[in-house]
Amino acid sequence: MQCLLLLPFLLLGTVSALHLENDAPHLESLETQADLGQDLDSSKEQERDLALTEEVIQAEGEEVKASACQDNFEDEEAMESDPAALDKDFQCPREEDIVEVQGSPRCKICRYLLVRTPKTFAEAQNVCSRCYGGNLVSIHDFNFNYRIQCCTSTVNQAQVWIGGNLRGWFLWKRFCWTDGSHWNFAYWSPGQPGNGQGSCVALCTKGGYWRRAQCDKQLPFVCSF
């Protein structure tokens with residue numbers, strides 16, 4: 001009789017044990033899914049942080065690039081060691097030393113002058129600014145580059161200064177115009193500017209190609225105003 005009374009309890013225990021065994025994999029699966037969900041959320045947060053960091057770095061890089069052309073003659077080579085030297089014995093070019101260059105359709109009210117008297121890059125920019133209220137010329141298309149080249153081919157020099165110069169720091173160096181206009185055109189000689197030396201840009205009187213040159217070199221120059 002006692003065995004018969006104990007039998008239902010034994011059966012109940014066996015069934016409960018089977019239920020626990022069947023539920024165990026389901027619980028483990030739920031825990032695994034929860035862990036995977038946490039890992040996925042963590043991965044998404046890391047991706048967002050990384051993307052934000054890259055955006056910040058890129059934005060800072062663009063700011064550095066923009067500021068490079070906003071600074072005036074930050075490159076030591078382009079700047080005279082003593083700014084007062086620019087004022088020493090300063091004289092504007094004589095009439096016989098200048099030649100008017102045909103204007104550009106891009107700016108119908110602008111004037112352009114070829115100054116035959118050789119100057120360093122900084123001295124030439126100083127003359128353009130103080131004598132004519134302008135800058136060394138900026139060139140934005142092939143046709144105007146050709147006009148400049150045709151006019152300068154009459155001078156007894158291989159090159160003339162135009163308003164391009166290299167500014168910035170390390171990887172953020174870039175070519176800029178002294179008048180602050182956008183650098184949207186270039187006509188480099190083969191191998192230039194990568195194999196060139198110097199931080200200033202000169203136009204070759206034969207062919208009209210551009211070359212990098214040492215800024216303290218004395219050359220004729222073209223002003224725009």
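Just so you know, glycine gets a Cβ as well, placed from its N, Cα and C.
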According to Swiss-Prot, the disulfide-paired cysteine of CYS215 among CYS151, CYS176, CYS200: CYS200
CYS223 - recorded disulfide partner, Swiss-Prot, among CYS107, CYS110, CYS128: CYS128
Disulfide-bonded residues compared (CYS200, CYS215) - the one with the fewest other Cβ atoms within 10 Å: CYS215
Secondary structure tally of the domain 'C-type lectin' (107-224) (DSSP, helix then strand then coil): 26 helix, 40 strand, 52 coil
Segment confidence, the domain 'C-type lectin' (107-224), expressed as mean pLDDT: 94
Under 8 Å by Cβ from CYS128 (disulfide bond), counting only residues of that chain that are 6 or more apart: GLY134, ASN135, LEU136, PHE221, CYS223, SER224, PHE225
